Structures are given as structure tokens and as C-alpha cells.
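Inspection log for the structure reproduced underneath, given as C-alpha cells.
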Amino acid sequence: MMVAWWSLFLYGLQVAAPALAATPADWRSQSIYFLLTDRFARTDGSTTATCNTADQKYCGGTWQGIIDKLDYIQGMGFTAIWITPVTAQLPQTTAYGDAYHGYWQQDIYSLNENYGTADDLKALSSALHERGMYLMVDVVANHMGYDGAGSSVDYSVFKPFSSQDYFHPFCFIQNYEDQTQVEDCWLGDNTVSLPDLDTTKDVVKNEWYDWVGSLVSNYSIDGLRIDTVKHVQKDFWPGYNKAAGVYCIGEVLDGDPAYTCPYQNVMDGVLNYPIYYPLLNAFKSTSGSMDDLYNMINTVKSDCPDSTLLGTFVENHDNPRFASYTNDIALAKNVAAFIILNDGIPIIYAGQEQHYAGGNDPANREATWLSGYPTDSELYKLIASANAIRNYAISKDTGFVTYKNWPIYKDDTTIAMRKGTDGSQIVTILSNKGASGDSYTLSLSGAGYTAGQQLTEVIGCTTVTVGSDGNVPVPMAGGLPRVLYPTEKLAGSKICSSS
């Protein structure tokens, strides 16, 4: 039986993973598969169970379901998963549906029974650790959730924050340019209000610090994704991050690096929204701007405290899926390659590998099981190949993850970048010409390879030879990404070989 080279390589690399740890330095080398627990996999293994995103109801995904599909995730080369919040939610079916997503919590000391039991969550953690993989859990410290108007909240339903004293006075955010409003007023609306905890109060602060340390300890969690970070005052976060004792990455939903990057001074990392917007715009059409992406790579690298601890993505449950803008598979391949080979920690959202095309919430929260989990889809294989070369480069080059990605070339339709220590660098060439793009040879300078050196293009498994002038003649066709690595360094890796 022929087995894909990336499958052989990834299996060998991950089974041999070292003992687990959960420091920021350890997370630099991870690659994250993000999933909504309710929408990824069911305990019964069904691939036909109905899940109409417009209904906004629980669809039946569970922690046990995730355990049963870890081969599917690990087969793409992911070393970690990020799951949505685990706390008990408001029980009602609101006018906006159920709290299937996990962001409308009411009891932080109980688990969401729709996903399973405490033993199930512990089993998920153990199953990941047995594979050398990490568990990241989503947490919310900013707010609770209530089925009703902000002016008529019954605070007694919240545990342990069971009185109005724990919360900011009711007011909805009207002006997002006013940081005081952003922090002190409420998200939500009068259909589902999100009572905003007053995290300046020691009693609230200490409760959260105790809780997060216990959560991490009880379920052997390796990292946290923190929701709505910009809605809590900055001085709350260092103590929270310290109490967690693991890598924390925060959601600061703002594309301005001058606003977003400073949050990395109060927690380990943030989601890279500054890159998200120019990345999306560069590849969502064949007329996108490479200039803006090129410039933002350099801005984030220079202005953020540590770009190697940011989370790179183009899809999540809050933003429309990439394929909702274009169904061009070549463009989707380029954007996925960027995510995995840029600085920081790659994050791929469940369903992205199957070219899901849901638009705004709730359409972008499709059930992964309805795809049937095929492992031969074009994006599944592309993601596996890109993760494989990244994982391999990390295993061979101790400086790879801290080397700052360097854009070395751009034109109207192309961007090229290099990452890694001299002699072991990966050079990635991305195009937004799309699947109908012409065939041509790009003469690439600045790659840092030596004249006459043989390179392997690890997506298509072809080779090129560096010219006598040091330029690399890169064959481009069909708008596809090219990822180069020194051929001699691949010896024994199984990359670009079959058995």
C-alpha cells in the first residue's frame, strides 16, 4: 500500500515527541487546530447528523467525539488543539439559539454537560498527551451570559458571581474609540446580554486567579486562549496569566498593531489580527495587495514585543471563512501556507481543510462531521505538507521558531519570505494569481542559498537548482504556493518520498 510521505513523516515525528511542558517557549513550536466542541465530532461517530447553522442549536459534538478523531487532526501535522469554553452555560434556548459555542457562561465551576463529563475532558487531555500533543482551552473572564435585557438581569443565576456587586453597572458599549466604555460597559444586547464583571475589584480578580489555576491543574491543560481581552483592563491580565501557569494567547479584535501589540506586554501572546486583515485582502481575490501584507509582516515583527508568540490565522468562528470570499482552491492553498510558515503559532479552524465556505456567524460554524473527514482533500494534503516541513525544520534548527520571518520579494501578485537559520531556511513563495494563473519562472534573489545548491519544493515534490548568481529559478504555475528547503537536509525525513 502506498502511504503519503507526509503521513509517514508526521507519525514518526510526533510519536517521538519529548515530555510535555506548557511554557511560551514550548508553544512556539506548536501548530494549532481550532474547533468548536459542539461542531467537530459526535460520540456516535455520525457523519450525517443534522446541523443547521441557522438554527443556532446544539448539534451534538462532544469531547469523546474529539478523542475518536484525533488521528484525523494529527494526520495534518497539528501538535495541539484549541477547544471552545468548557464552563456551564445559560440553559435557555434564546432568540439567538443555544449557548452551543460556550461564550454565555453562568456557572464557572460546572462543566457544560452537552459536551460530556469531567472524566471525558480529562480523557481528552490524556489522549492528546499520549500522542505528544497539547490541549488549549478557551476561557472567558470578561462576562457571563443572560437570556434577557441588561436592565433586568437576575444576578443570582451566576456562580460564583451571584450579585450585582460583582459587575459593572449596566451600559452597552456605544463608542469603541472610548477605551473606558470598551472595558466597563457590556457586550451583547437586550436579547442576550453579557453582564460585564468588574475585574478591578479584588474579590473578582482573586476568584478568577484561583479558578484559572484550578482549571488548568484539574484538567492538565497546556495553554489558554482568552476571549474578549480588550474588554478587561490591562492590569488584570499579568496576574491571570501567572495564575494559569501556562501559555496564554488573547483575543484582541483589532487590526491596528499600535492597539493590539501592547497587550503582549500583559500576557504571553495575542491573536495576530494585524496580519489577518492584509492577509485576507491579499489572497481573497486575484487583485489583492501584496504591498499591505509585506509591510504588515515587517510592522508586526518590529512593533510587537515578540511576533514568534502570536497566533496566525485567516479563519475562526467570529470571522467569515476564507472560501466565503472566493472558491478558488489555489488562493486557499496560498493563504494556508502563509499561516503555517509565517512567524508565530499557526491556527487552522476546523473545516478550513475541507474548504468550508460559511460567511458571518452563525454560518461559519458548520459541523465538521458533515464533510465525512476525508484525508485526501486538496487542502488537507496541503496543510499536512506545510506542517510537515515546519515541524521538520523545527526539529533540525533550534533557531527556526525564533528567527523572524523576512519578506524577501514582492511584486503585484507574489510575495516571498524566508524563515530559519542560514543553511536550514525555508523559503515560501506565494501567489494570488489564482488557479488560472500562468506558468512562468520567477528568478528569486535574497533566498540565502548557495550557487549550485539543490532545493526541494516540498508541496509538489520537485527539485530546483540555485543559479550561479545565487538566484533561485522558481517554476510557478496555476497560482500555487512553492515551499523550498535544502534537499540534502531532508535525508531520512520521508518528506517527498513514499513507501
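A Cβ is built for glycine as well, from the same backbone N, Cα and C atoms used for every other residue.
Between Cys261 and the candidates Cys185, Cys304, Swiss-Prot annotates a single disulfide bond, the one to Cys304.
Per Swiss-Prot, the substrate site holds Gln56, His143, Arg225, Lys230, His231, Gly255, Asp318, Arg365; the candidate it also names there, chosen from Trp104, Trp208, is Trp104. Cross-referencing Asn142, Asn272, Asn281, Asn295 with the Ca(2+) 1 binding residues that Swiss-Prot gives (Glu183, Asp196, His231) picks out Asn142.
The most densely surrounded of the recorded positions Glu183, Asp196, Asp227, Asp318 is Asp196 (count of other Cβ atoms within 10 A of its Cβ). DSSP assigns Asp196 (Ca(2+) 1 binding site) to a strand segment in the three-state reduction. For the recorded Ca(2+) 1 site, residues Asn142, Glu183, Asp196, His231 set the reference point as the centre of their Cβ atoms, and the other residues of that chain within 8 Å of it by Cβ are His143, His168, Val182, Asp184, Cys185, Trp186, Leu187, Leu197, Thr199, Thr228, Val232. Looking only at other Cβ atoms within 10 Å, the busiest spot among the disulfide-bonded residues Cys51, Cys261, Cys304, Cys461 turns out to be Cys304.
The separation of Glu183 (Ca(2+) 1 binding site) from Cys461 (disulfide bond), Cα to Cα, is 51 Å.
The two recorded residues, Asn142 (Ca(2+) 1 binding site) and Asp227 (active site, nucleophile), have Cα atoms 8 Å apart.
For the recorded positions Glu183, Cys185, Asp196, Asp227, Asp318, Cys496, a Cα to Cα distance of within 10 angstroms from Gln56 (substrate binding site) holds for none. Of all the recorded positions listed here (Cys171, Cys185, Asn218, Arg365), Cys185 has the Cα closest to the Cα of Cys261 (disulfide bond).
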